[in-house]
Structures are given as C-alpha cells and as structure tokens.
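The block underneath contains the structure these notes are about, expressed in structure tokens.
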Amino acid sequence: MNQTLLSSFGTPFERVEHALSALREGRGVMVLDDEDRENEGDMIFPAETMTVEQMALTIRHGSGIVCLCITEDRRKQLDLPMMVENNTSAYGTGFTVTIEAAKGVTTGVSAADRVTTVRAAIADGAKPADLHRPGHVFPLRAQPGGVLTRGGHTEATIDLVTLAGFKPAGVLCELTNDDGTMARAPECIAFAGKHNMAVVTIEDLVAYRQAHERKAS
C-alpha cells in the first residue's frame, strides 16, 4: 500500500487506534487491502450500532452487496448453510445463504429493513426462525484467527469491531465510483475524508495484532 497516500492518517499503529476510536464514536472506517489482492476499500461499521443513515450511505455509494460479517459460532447458531459447498471464488470469500429478518421488514430492500435484518441476526438469543432465507443481506463467515489467518476484509471487520469492544459482527460494503467502477485507494481516502471515516489497511491491522499478541505472550 502506498504509504504516502496514508501518511496524513498517522503511522500504521496510529491508524488502527484511530479506527478503533472511530468505531467507538459511532463512525465508519474505510478498510483498504493490498494492491496485489482485491485492491479495494470497504466501508465497515459495527453491526450493533450501525444506523439507518449509515446503511443508506453504504447502499448509495457501495456495490449494493451489503454484507454482515459473522463468526462460525454465529453461523451455526443461525443454522445458515454456506452458499456453496465447493467455494471456487478467487479469494474463498465465505458467503452463506442470504437473509431477511422474519419480522419488522417489508420487502427487505430499504436501509431500515436491512438494519432490522442485521440486528435480528446478531441478537443474543437469535434463532434460525428469526430469519427468512433468501434475503437482501449477505452474511460472510470469517475465518478463526482473523487477519492473522486470512487477510480479507471479512476478517478485518471482525477483528476491528472486536478490538473496539463490540460483538464480533460487522457490516461491510465495497466502495464504488459514481461510474460503477471499483474505488481504488485514492478515491477511498478522499471519500473517507469527506464522510469523517478513519482509514486503515489490513496490513496495518496484521502488524498491530502481531505486536500486541507478542507483547501478551
């Protein structure tokens, strides 16, 4: 990742700390991966606190594929089958079947309906019957071990919201340009600045976690 572009957001460790503070303050975070991987930026929010306004922003400026990152334990609790048995996607992204809240939604498409679905899925006592399948929210199962196991946006989302003190569940969506192309680092950074989001890279988060876990051991 081009460090010059990111320098205004601090050092790699500072960027992670700023991202955690942003999440605690109810703001979003722009998570960038490597140019050699997807080379994309994802807007992320804690599933517990994401507002209808933030969901609307995500739908308006994102790919439209709004994803709910969850753990394997949560997937089992909700009895969500993986979307396919044999995942042949380029990066092995862990899509489950799509979901809709069983109650409190109309068509499931609106920002308010998608927030209702997210909240239903992450509720402490959530049951499989609380969700209909298919729907307009795309759960993603994170790999155990987070970014130290797989350097994906799914794992980064779970790691960040957990480090910030939230349940291990977060919403992500890829940022797109107005012409429908994928936003790259310069566009992602400009968007984050305009919308008061912190910016962090998956590489930053890997280094942060490795350093903290070395210290802990």
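Residue numbering: from 1, along the chain as shown.
Glycine residues also receive a Cβ, built from the backbone N, Cα and C atoms like all the rest.
For Arg37, Glu38, Asp42, Arg150, Gly151, Gly152, His153, Thr154, Glu174, the entry in Swiss-Prot reads D-ribulose 5-phosphate binding site. According to Swiss-Prot, the Mg(2+) 1 binding site annotation covers Glu38, on the basis of sequence analysis. Summarising the annotation, Swiss-Prot assigns Mg(2+) 2 binding site to Glu38, His153. The annotation site 'Essential for catalytic activity' is assigned in Swiss-Prot to His136, Glu174.
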**OP:** List the Cα distance (Å, whole number) between Asp42 (D-ribulose 5-phosphate binding site) and His136 (site 'Essential for catalytic activity').
**Re:** 18
**OP:** Between the Cα atoms of His136 (site 'Essential for catalytic activity') and Glu174 (D-ribulose 5-phosphate binding site), find the distance and write it as a whole number of Å.
**Re:** 16
Original post:
In sequence order, what residues of the same chain, 6+ apart, have a Cβ less than 8 Å from the Cβ of Glu174 (D-ribulose 5-phosphate binding site)?
Top reply: Glu40, Gly41, Asp42, Met43, Gly62, Ser63, Ile65, His153, Met182, Ala183
Original post:
DSSP three-state call for Gly151 (D-ribulose 5-phosphate binding site): helix, strand or coil?
Top reply: coil
Original post:
Can you count the other CB atoms that lie within 10 A of the CB of Asp42 (D-ribulose 5-phosphate binding site)?
Top reply: 30
**OP:** Across all the protein chains here, work out how many other Cβ atoms are within 10 Å of the Cβ of His153 (D-ribulose 5-phosphate binding site).
**Re:** 30
